[in-house]
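**Q** According to TrEMBL, the protein has these features:
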type: REGION; residues: 12-39; note: region 'Disordered'
type: COMPBIAS; residues: 12-30; note: compositional bias 'Low complexity'
type: REPEAT; residues: 217-251; note: repeat 'PPR'
type: REPEAT; residues: 318-352; note: repeat 'PPR'
type: REPEAT; residues: 353-387; note: repeat 'PPR'
type: DOMAIN; residues: 533-625; note: domain 'DYW'
Amino acid sequence: MVGGLVLSQAQTHQAATPRTAAPAPAPAQALEKRPRDQAQPCGTVAAAAAVSVSAPSLDEVRKVHARHIKLGLDRCPRYARPLLAACAVSGWPGGMELAASIFESLVEPEAFDYNTLMRGHVSGGGGDRDPAAALRLYIDGLEAGVSPDSYTFPFVLKACAQLAALQEGRQLQAHIVKLGFQHDEHVQNSLISFYGKCGAPAMARLAFDRVEAEERTTVSWSALLAAYTKAGLWGECLASFGSMMLDGWRPDESSMVSALSACAHLGSFDAGRSVHCALLRNTARLNTIMLTSLLDMYAKCGSIEKAAAAFDAMDDKSAWAYSAMLSGLALHGDGRKALQVFDAMVREGHAPDAAAYVGVLNACSRAGLLEDGLRCFDRMRLEHKVAPNALHYGCMVDLMARAGRLDDARALIGTMPTGPTDTAWRSLLNACRIHGDLDLAWHALQELRRLGAANAGDYVIVADMHARAKNWTAAAALRTEAVDSGLAQSLGFSAVEVRGELHRFVSQDMAHPRTRDIYEMLHQMEWQLRFDGYKPDTSEVALDAGEEEKGRVVAAHSQKLAMAFGLLSTPEGAPVRVVTNLRMSKECHAYSALISEIFGRDIVIRDRNRLHRFRCGTCSCRDYW
């Protein structure tokens, strides 16, 4: 324990140049009492200082440092500080090593000098980041009796964040309060950011709430939004962004990117469009990062046209932007367009990385483009020298299996360099469900069990396949085994956006305030469908019950309830946008297509695998799903 701060054993490191290795510093009085005839002319000293500030490279700094040593100025902070700062923040290879050497030669380094070296360690000065050294340096300063200032704590908290050292960061917060810096703007914002990066959003919120309303800044709000984004608390992120706007704050780029990410994950198109308007009001020109975030949001919210418009508006498309566009097209199942974007990416001189190939292979898989997918897979390995990872193999297994080549997909799993993965076996299992191959599905489930990666959904797929074969005993046994193994199936839900607010439903839901209106609307929808000859498809209902009972089960599916509320609550002709964590069933797919035709509405549904856009009775997936 040093100065109240305790470091765990794994995080206690020495700085790049240990203090014990430094030469014994000359007393400060020796510099002051240098004989007048040995003193250097003022012009020489001034010239040396000027050169140190403007040194353009590490070699120049070394030359100036050597000159300082020759002139006896190397131990004086006044002349060493510009060199120390240049080395610590320049990013030159070897810069941090020289910075540590300059620091060690100082007679009595002050808080400014400690801060400069810590800044280099946490920002990656010299090409290497060493947050543990920054934390050790803070303790060294306490031991040496150097009092931290308000600029010290942002660097130390950043080091703790990089180390995910939550306990040490909390001890630093005690130091902050003890030394009276708890009301400093930069320290407050650093605390919020630290807790967010350590995956403690509740602590980040608490730190934010402790900041007086008049002391909060845009950076404070941005740090809170980033904390929620990292934790995947998308609803809290969007709600906080709304509070920020209501409080009259002008959002910065970071906060708007966090809000767009939340809208993308929630499928909140109206809220995302509002953030887009805020971007246009507050930003003179949208940069590539903003446009890429817009692209991702619109694609995941069901508007690939607006996503393409954001993509086309980019003057200088980055590899990240191309990857986002490829992923968006894959989500929408537009394999042909994804191949065109991929070719454009290569023509523009961008080397496709692993993420880009995941996007294009996914697009081929979801569009059934087997030959194109195989060609891209070979091109990835042979032309661009990208080693396939588990995601790439999962895409290829899915592509081959969906095309009916189940044996080839199984053989490909056996050739994976890293060994078969749960992603690959799960892709094969899903394809077996589509093609009705119960024996291979059972084998895939066994392999997932062997890997210790089987989840409740895997058991449900095989159980449902047994149920469709009228083998109720095997279906019940599998579901019982999943429960006995502690594999709880996540609750299925569907959410629909109405006037910027998401309304969530579960199957047979009776909790919504407008439940009576919703079920009345559901009854009208089914009556009109039956008038056109519709009959519910109960083939995927895994119940040993009569057709009437099965019909009641599918009638109040969460997706149908969400559609009914959307039709009831949105203007005539407006699209109905639904997000569900379930896999689209054949029954819901056929039902949604008919609703879009009869009511003349676009029905946009994003399930856990892909996006379906129903218009005039047809789906964008072309039934390849």
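Glycine residues also receive a Cβ, built from the backbone N, Cα and C atoms like all the rest.
If you look at the structure here, what lies around each of the features I listed?
**A** Here the repeat 'PPR' (217-251) is broken down by DSSP into helix, strand and coil counts: 27 helix, 0 strand, 8 coil.
Per DSSP, the secondary structure of the repeat 'PPR' (318-352) breaks down as 26 helix, 0 strand, 9 coil.
Per DSSP, the secondary structure of the repeat 'PPR' (353-387) breaks down as 27 helix, 0 strand, 8 coil.
The domain 'DYW' (533-625) scores a mean pLDDT of 82 in the predicted structure.
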